[in-house]
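Reviewing the structure listed below.
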Amino acid sequence: MPPLGRLHLITDTRPGRDPLAVLRAALPVARAELVVQVRVEDDATDRQAYELARRVVALCRPYGATCLVNDRLHVALAVDAAGGHVGAEDLPVRAARRVLGSTAVLGATAREPVSAAEAVAAGASYLGVGPCHLTGTKAGLPAPIGPAGVHAVAEAVEVPVIAIGGVTAASVPALRAAGAYGVAVVGALSGAPDPARAAAELLGALTC
Ligand SMILES: Cc1ncc(COP(=O)(O)OP(=O)(O)O)c(N)n1
Ligand SMILES: Cc1ncsc1CCOP(=O)(O)O
Ligand SMILES: [Mg+2]
């Protein structure tokens, strides 16, 4: 299996956003370093999630980019995505691994070392760790853990740690120094006036 990409773009399907336009801008810049996580609003139908994921898989393929599906693992299987991402309200990691199979990419959300190690023991191949910083993108999140929280998790596991929550190119150096392998973003790309340029800045900070 190729190494996990370092720049994770989570689709923004809020009203007025155009996740496929953002993806088309980021793909030629980040190529195989791009992991696209298809994440739809909770009230989206499975059919809507499937149609978006199907398009994302097709767009990613020529660039060697990776497509994952958030929460809805049956959609991941249906579109032949590389894997999925689960958190506390989704299938348990061990069950998700059974659904996706032994070779799939499987991400799990973690905030602290104990649950992080449990998720890895249960079959997670990477961890999404955060929220690192304040974000307006998702409501109801606990307090940010900052680079120190990322460091605590990164010390406890041997899988890639992907920092999430309020991440910008400016915050990447501190997160990398804390042990993050990569970052996952919504707003830093979806809300950027020039998503291609924003992708280049994030990638530059991740790979320098
Ligand atoms: C890379 C990454 N990390 C964390 C999350 C959050 O997942 P979860 O806690 O299940 O919350 P939702 O995204 O499902 O609302 C993520 N999606 N990706
Ligand atoms: C889905 C999710 N889980 C924790 S923070 C977050 C949203 C991250 O969005 P942004 O990069 O805009 O802060
Ligand atoms: Mg989830």
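Glycine is treated like the rest: Cβ placed from N, Cα and C.
TrEMBL: automatically predicted annotations, no manual curation.
Keep in mind that what you see is a predicted model, and the values were worked out from it rather than measured.
Sequence annotations record features per position, and here TrEMBL assigns domain 'Thiamine phosphate synthase/TenI' to 7-189. Residues annotated as 4-amino-2-methyl-5-(diphosphooxymethyl)pyrimidine binding site in TrEMBL: Gln37, Val38, Arg39, Val40, Glu41, Asn70, Thr109, Lys138. Per TrEMBL, Mg(2+) binding site is recorded for Asp71, Asp90.
A map of TrEMBL features onto the structure.
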{"residue": "Gln37", "record": "4-amino-2-methyl-5-(diphosphooxymethyl)pyrimidine binding site", "contacts (Cβ under 8 Å, 6+ apart)": "His8, Leu9, Ile10, Thr11, Leu68, Val69, Asn70, His85, Gly107, Ala184"}
{"residue": "Val38", "record": "4-amino-2-methyl-5-(diphosphooxymethyl)pyrimidine binding site", "contacts (Cβ under 8 Å, 6+ apart)": "Thr11, Ala49, Leu52, Ala53, Val56, Cys67, Leu68, Val69, Asn70, Val75, Ala81"}
{"residue": "Arg39", "record": "4-amino-2-methyl-5-(diphosphooxymethyl)pyrimidine binding site", "contacts (Cβ under 8 Å, 6+ apart)": "Ile10, Thr11, Thr13, Asn70, Asp71"}
{"residue": "Val40", "record": "4-amino-2-methyl-5-(diphosphooxymethyl)pyrimidine binding site", "contacts (Cβ under 8 Å, 6+ apart)": "Thr11, Thr13, Gln48, Ala49, Leu52, Asn70, Arg72"}
{"residue": "Glu41", "record": "4-amino-2-methyl-5-(diphosphooxymethyl)pyrimidine binding site", "contacts (Cβ under 8 Å, 6+ apart)": "Thr13, Arg14"}
{"residue": "Asp90", "record": "Mg(2+) binding site", "contacts (Cβ under 8 Å, 6+ apart)": "Asp71, Ala96"}
{"residue": "Thr109", "record": "4-amino-2-methyl-5-(diphosphooxymethyl)pyrimidine binding site", "contacts (Cβ under 8 Å, 6+ apart)": "His85, Val86, Gly87, Ala88, Ala119, Leu127, Gly128, Val129"}
{"residue": "Lys138", "record": "4-amino-2-methyl-5-(diphosphooxymethyl)pyrimidine binding site", "contacts (Cβ under 8 Å, 6+ apart)": "Pro131, Gly165"}
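By the rule that a residue counts when its Cβ sits under 6 Å from some atom of ligand 3, the binding-site residues Gln37, Val38, Arg39, Glu41, Thr109, Lys138 yield nothing.
Under DSSP, Arg39 (4-amino-2-methyl-5-(diphosphooxymethyl)pyrimidine binding site) is assigned to coil, being neither helix nor strand in the three-state scheme.
Reduced to three states, the DSSP call for Asp71 (Mg(2+) binding site) is coil. Farthest C-alpha pair in the 4-amino-2-methyl-5-(diphosphooxymethyl)pyrimidine-binding residues Gln37, Val38, Arg39, Val40, Glu41, Asn70, Thr109, Lys138: 18 Å apart. In the vicinity of ligand 1, defined as a Cβ distance under 6 Å, the following of the binding-site residues Val38, Val40, Glu41, Asn70, Asp71, Thr109 are placed: Asn70, Asp71, Thr109. Checking the binding-site residues Val40, Asp71, Asp90, Thr109, Lys138 against ligand 2, the ones with a C-beta less than 6 Å from an atom of that molecule are Lys138.
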